[in-house]
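A short worksheet on the structure shown next.
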Amino acid sequence: MSVSGSKCTRLSGALVKQVLESVDSVLFDCDGVIWRGDQAIPGAPQVINLLKENGKNVFFVTNNSTKTRKMYADKMSALGFNVTEEEVFGTAYCSAMYLKTICKLEGKVYLIGSNAMKQELEAVGIQQTGVGPDHISGKQSDWASVPLDPEVKAVVVGFDEHFSYMKLNRALQYLIQRDCLFVGTNRDTRLPLEGGKAVPGTGCLLQAVETAAQRQAQTVGKPNHFMFDCVASKYGVKRESCLMVGDRLDTDIMLGSNCGLRTLLTLTGVSTVAEAEAHQSSGCTESQGMVPDYYVESIADLLPALQG
């Protein structure tokens, strides 16, 4: 529960120090929170670095499946963040961990996804097939009998710029086998870009595969609690002394609610206070999970309390 008692409170003044003193660990989303595109949010590197200097555990949880942990850490370092790849939890890595530790997968993966996902799967000893373009060939009668790899025991869907009809068809043919596992990285339907623009997200690809297969995938990304479990099991993070910071109510804030963490919405990304307040007054139980404990204009608002 929030220190102030009412949710959706602006985090400012003495309350900032109070909240920061009550937590040991802080989880940050990346895009729209610590950076936008290739630019750090002004003040964000100092916030992260000072939190660490003040003895806080800092972790990064992102639904983006197109980068390995190392690629993330390299980007952060270049922007002035003091970060190691062990502190980064993306859906490429978490999907690999999910298949390895929860599903105990024995076999290969048919992967609709990126090279980064291939690398993270291989890093835990899981072989994949499917990365790269898959062009249409033959006629309709041939498509239902495309050659399948008998060792494939799971279909995994992440972001794939080469998504195609043939990939959708191949996924369907694997998923007709009921013992084939079905995992998705996340359900974000749109990826917001600068200036109010957007492109389709992984959720669109996943829904296409689910519709074809007439099956629901298990997703590992936010707001699924597995994302937090990944961090918690490795670092012994306690829910009651952990703060989740994000810019999206339906993924970041919902993850916090699902895991019993305190939540902080930052307004440098997708969601607005008006949306949070609309959820709060909706009377709908599901929507209450999308109401943050606190909000700030930018995470730079934490700087005075950290420098003090």
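Cβ from N, Cα, C; glycine included.
TrEMBL annotations: computationally assigned, not manually curated.
As annotated by TrEMBL, active site, nucleophile applies to Asp29. Shown in sequence order, Phe60, Val61, Thr62, Lys222, Val245, Gly246, Asp247, Arg248, Thr251, Asp252, Gly269 are the residues of the chain, 6+ apart in sequence, with a C-beta less than 8 angstroms from the C-beta of Asp29 (active site, nucleophile).
Per TrEMBL, Mg(2+) binding site is recorded for Asp29, Asp31, Asp247.
Positions annotated as active site, proton donor by TrEMBL: Asp31. Long-range Cβ proximity for Asp31 (Mg(2+) binding site), meaning a same-chain Cβ under 8 A and a gap of 6 or more residues, is found for Gly37, Thr62, Asn64, Asp247, Gly269.
Per TrEMBL, the feature substrate binding site maps to Lys222. Just so you know, the Cβ of Lys222 (substrate binding site) picks up 31 other Cβ atoms within 10 Å once every protein chain is counted.
The residues near the Mg(2+) site, meaning same-chain residues not in Asp29, Asp31, Asp247 whose C-beta sits within 8 angstroms of the mean position of the site's C-beta atoms, are Cys30, Gly32, Val33, Ile34, Thr62, Gly246, Arg248, Asp252, Thr266, Gly269, Val270, in sequence order. Asp247 (Mg(2+) binding site) counts 25 other C-beta atoms within 10 Å of its own C-beta, drawing on all protein chains shown.
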